[in-house]
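Asker: Okay, so Swiss-Prot annotates it like this:
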- 2-239: domain 'ABC transporter' (DOMAIN)
- Gly38, Ala39, Ser40, Gly41, Ser42, Gly43, Lys44, Ser45: ATP binding site (BINDING)
- 269-289: transmembrane segment (TRANSMEM)
- 532-552: transmembrane segment (TRANSMEM)
- 589-609: transmembrane segment (TRANSMEM)
- 614-634: transmembrane segment (TRANSMEM)
Amino acid sequence: MIEIVNVTKTYRIGESSVKALDGVSLTIGQGEFVAIMGASGSGKSTLMHILGLLDVPDTGQYRLMGKEVSRMSDDELAGIRNNVAGFVFQQFHLLSRMSTIDNVVLPCIYSGQRGDFRKDALKRLEMVGLAQRSDHRPNQMSGGEQQRVAIARALIRDPMLIFADEPTGNLDTKNSHEIMRILTDLHRQGKTIIMVTHETDIAEFADRVITMKDGVVVDDRKKQDARLNPQMPQGGMEAAHSALFQPSRLLGFVVQAFQSIASNKIRTFLSVLGILVGVASVIAMMALGTGAKASMEEQLKSMGSNLLSVRGGSAKIGGASQGFGTVTRFTEKDAAAIQAIPNLIDHVSGDVTGSGQLVYLDKNWSTSVEGVDYDYGEMRAAIPTVGRWFTREEIQERAKVAILGTTVAMQLFGDADPVDKIIKINRINFRVIGVAPAKGFAGPRDQDDVVYIPVSTAMYRVLGKLYLDGIYVEVSSAENIAPATQAIDALIRKRHKLAADDQDSFNIRDMTQFQQMLSATTQTMSMLLGSIAAISLVVGGIGIMNIMLVSVTERTREIGLRKAIGARKGDIMLQFLIESVGMTLSGGIIGIVVGVGVSVMLSAFAGWAVKTSMFSVVLATGFSVLIGLFFGLWPARKAAALKPVEALRYE
């Protein structure tokens, strides 16, 4: 069954080297019970590790069931260990966070097979007399009971080979004999047992005793009454490993990952806290940015689309500005001439502004008075939500009618309907015909603190102005803004006899550019806020990586155990990645809840415009998962790269 020829193994310790095995050759038949003895440093444990496929020889041949295994890959050896061998260790190597039955089931996770593993585990526990303690943790059991659990674990895959490394080394005489009784029974059932011990009385339970010294076999004797009851191979050495991402396999890894996470609650919480804060910051910051953007979009709608603003320039005498309109003064005829430009212009409205004192009964309010034309309502999204807009006749007749902004309406009328009420504007009676839609603030200015009246009424009855303060022009399309600007510029220069190089007499402002600038600014602020929050996510990810590296160091023996019972490199890496992603995802989910809560509080108590978007939730969640993958990769690779024998020896 087992044949090794001229096997050598040398360990390097600093600059010196120690030859643990020096040309060892031996054959072990199927169904034998072999004890390997020797003093400390004799090479017996090294031989056991090579026979158990936990280590590979430097030179020589190792044939197991007729197949050369000494040059197989790590994953191939893992498959054979899982399918053919069972291990019993001196230190038991039970996982303290798992119950007895879960410890026994552990090798089945890496088998790639399906079945009622817990039922099989209970049978194995019953064989060793511990079925009634299947739900206990290792720390609730004696040393002898823990070793019996380890034997049950070694038997769960029904292996042909049992490797027992000092199985009684940490037990008293009574428990030692109990363990040896179990091993003897297994031998009678046909198992091939290879045991390392330094105790002569324990070695006497075996049918064959191999003694080693200084890396060579010095004695190999069999009992006269040795009996072989070989177990027939059940499927040979073919590993039953399945695809790494098989659903049942992944589920087992996920369950174990969260068991590991839950076993260190405080440390896990502190690790997750960084991700939690990062995700909550991303959600809250992006909610602020999205809310600001939505608020800005509402304000931009109130400004109208494809809009040009034509204003008189300011003359300069001795470098001093003389004020707007001192050079070029626009009249209603200028507005009409602009309206007549063919194929480019949709709407035009003259505009005059001033201040006014409004009075209704015992209430008064100082506000801005804006005289506008018929088309202004459509151009600037000012059509009343309550009441109506001016008619052309009212503008021609200089009618004393007014449309109130929502702030003015609230100050004068509260919740009452102001339509058809009579108010005074600068001591002149006006009839309220409507309330304009709310526009909000544009910077520090309240756009709803205004009263609209016909431009003719404002000029000749209220403000006493002979000229327009400006002209608003709505261009037919965004593509026509440039040609419309050129046409208006040429028209004004012609009408007012201005030189081609005169840049001070008037200006044409493209409100679309202003809108784009505001949108770009808002977008930049949103990105800046999101970037700042993302930094905290990265810092949280570094914290996760640090904890995972510590976890790899602390769990080195566990990693060695998992590899000994059949875990491949990919299995180890995947489990640690799942743990890392599990922590970041948990932090991400809690962070989403906290972030949304903070956003709601900012909106409710600070009055800030916030809007939580699904995009920010998906982004934060996805980013937290990526953080877990990225920062968990190094610890996972480090864990996967550990050699089984080195990991099991780790102190």
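Heads up, the Cβ atoms here are built off N, Cα and C, so glycines get one too.
Thinking about packing and proximity, how do these listed features fit into the structure?
Answerer: Within the same chain, residues at least 6 positions away in sequence whose Cβ sits under 8 Å from that of Gly41 (ATP binding site) are Asp214.
Sequence-distant contacts of the transmembrane segment (269-289) (same chain, six or more residues past either end, CB-CB distance under 8 Å): 522, 525-527, 529-530, 532-534, 536-544, 547, 583-584, 586-588, 590-592, 594-596, 598-599, 602, 608-613, 615-617, 619-621, 623-624, 627.
Listed by sequence, the residues of this chain that lie at least six past the ends of the transmembrane segment (589-609) yet keep a Cβ under 8 A from its Cβ atoms are 272, 275-284, 287-288, 291-292, 294-295, 617, 620-621, 624.
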Asker: Taking the Cβ of Ala39 (ATP binding site) as the centre, count every other Cβ atom within 10 Å, in any protein chain shown.
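Answerer: Counting Cβ neighbours of Ala39 (ATP binding site) within 10 Å gives 12.
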Asker: Other residues near the ATP site, CB within 8 A of the CB centroid of Gly38, Ala39, Ser40, Gly41, Ser42, Gly43, Lys44, Ser45?
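Answerer: Neighbours found: His198, Met212, Lys213.
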Asker: Neighbour count, 10 Å Cβ-Cβ cut-off, for Ser45 (ATP binding site): what number do you get?
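Answerer: Counting Cβ neighbours of Ser45 (ATP binding site) within 10 Å gives 21.
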Asker: Using the structure shown, find which entry in Ser40, Ser42 (the binding-site residues) has the sparsest Cβ neighbourhood within 10 Å.
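Answerer: Among the binding-site residues Ser40, Ser42, the lowest count of other Cβ atoms within 10 Å belongs to Ser40.
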Asker: Average the per-residue pLDDT over the domain 'ABC transporter' (2-239) and send me the rounded value.
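Answerer: The answer is 86, the mean pLDDT of the model over that range.
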Asker: Hey, what's the Cβ neighbour count for Gly38 (ATP binding site) at 10 Å?
Answerer: 23
